[in-house]
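Colleague: What Swiss-Prot lists as active site, tele-AMP-histidine intermediate is His316, and the listing cites sequence analysis. The ATP binding site feature in Swiss-Prot is assigned to Gln100, His290, Met291, Gly292, Asp293; the stated evidence is sequence analysis.
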Amino acid sequence: MITIDGSMGEGGGQILRTALALSIITGKPFRIINIRARRSNPGLQPQHLASVMAAARISNAKVDGAYKGSLSLTFEPGDVKCGDYSIDIGTAGSISLVLQTLLPVLAVVNCGEVTLDITGGTDVPKAPPIDYVRFVLAHNLSLMGVGIKVELIRRGHYPRGGGKVKVTVKPAGRLKPINITELGELKGIWGLSHAVRLPSHVAVRQAKAAEDYLSKLGLKPSISLEYYEQGKDPHLGPGSGITLWAESTNGQRIGADSLGERGKPAEDVGREAAEALAAVINAGAAFDDHMGDMLIPFLALAEGRSEYTVVNLTSHLSTNISIVKLFLNANIETMNYNKKVKVTINPITAPRKP
């Protein structure tokens, strides 16, 4: 059984999420200790438990230690159970983070099209917003042959949650590698600024701040607005945020986002997202840093060698590489490349569950 120190590297829930996915795919059981040991609220929290229980349902796994605050967990996967699933995180726990566990599995198992109905948080701190999944991650996974459709039914913000998302995944069968080491020419920049249970001007100001910042750099984004009339807002809220993305002539998308919070001016929210997107564009990296670490488990399972660049070698990227190497006999290297970081992945096909 593989043993993982949950305090390694970035020491967060990503270690568990990646391990769950690769355990199901390879059939290798694991035990993780010191789960989130260096966090202010150590151990498993509700959104981590949601990932564990969803992974266990899909794989008929035997699980020990799945309770709030648990510092260790044993996971022994069985056979993958194909079908559609409803998952209720039960809090404002991030839907996007639960998807980080499930998407690699559904991308490669022979289950045909699978639909997930997930309730929880769509726009919450320390997690990719659902718009990043919809407009950036789903697009980039399509380059590998994975079909993902994300339908946002209702947003859920911290602390009330209540967001609803329907995700349909059509597996690739065999994942295609990605070889993109430069950003390339931009086809366009788009965005979505939203505000729920808040005045419409919040969404407008977020968008304008992002547009103003990018315009000074010679970039012309097209940012859509999402807000609701008082009395016709179906969300629990309140909350706001903005997601920006750019598509390259090389085919890939880069993204950036910022979340509103009490006392934070809407202008700061919009500008933060614009600054983050501009940093990737100025560096000429093929992918933003968040996408860079998300791609690791997928490309480690792909049919062939992959190369791509990111702006920085983050702790999340290094940690994901370490976890992948525990489950897959893949050769993954990082190196400095034209003031960027190049990631090279040479997969050695691992056994896959039917």
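Every residue, even glycine, has its Cβ placed from backbone N, Cα and C.
Mind running through what each feature is packed against?
Modeller: DSSP assigns His316 (active site, tele-AMP-histidine intermediate) to a helical segment in the three-state reduction.
Other C-beta atoms found within 10 angstroms of the C-beta of Asp293 (ATP binding site) number 24, with every protein chain shown included.
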Colleague: Can you check what DSSP calls His290 (ATP binding site), collapsed to helix, strand or coil?
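Modeller: SS state of His290 (ATP binding site) = helix.
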Colleague: For a quick check of packing: other C-beta atoms within 10 Å of the C-beta of His290 (ATP binding site), how many?
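Modeller: Other Cβ atoms found within 10 Å: 21.
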Colleague: Given a separation of at least six residues and a C-beta threshold under 8 Å, show me what packs close to His316 (active site, tele-AMP-histidine intermediate) in the same chain.
Modeller: Gly9, Glu10, Gln14, Asp289, His290, Asp293
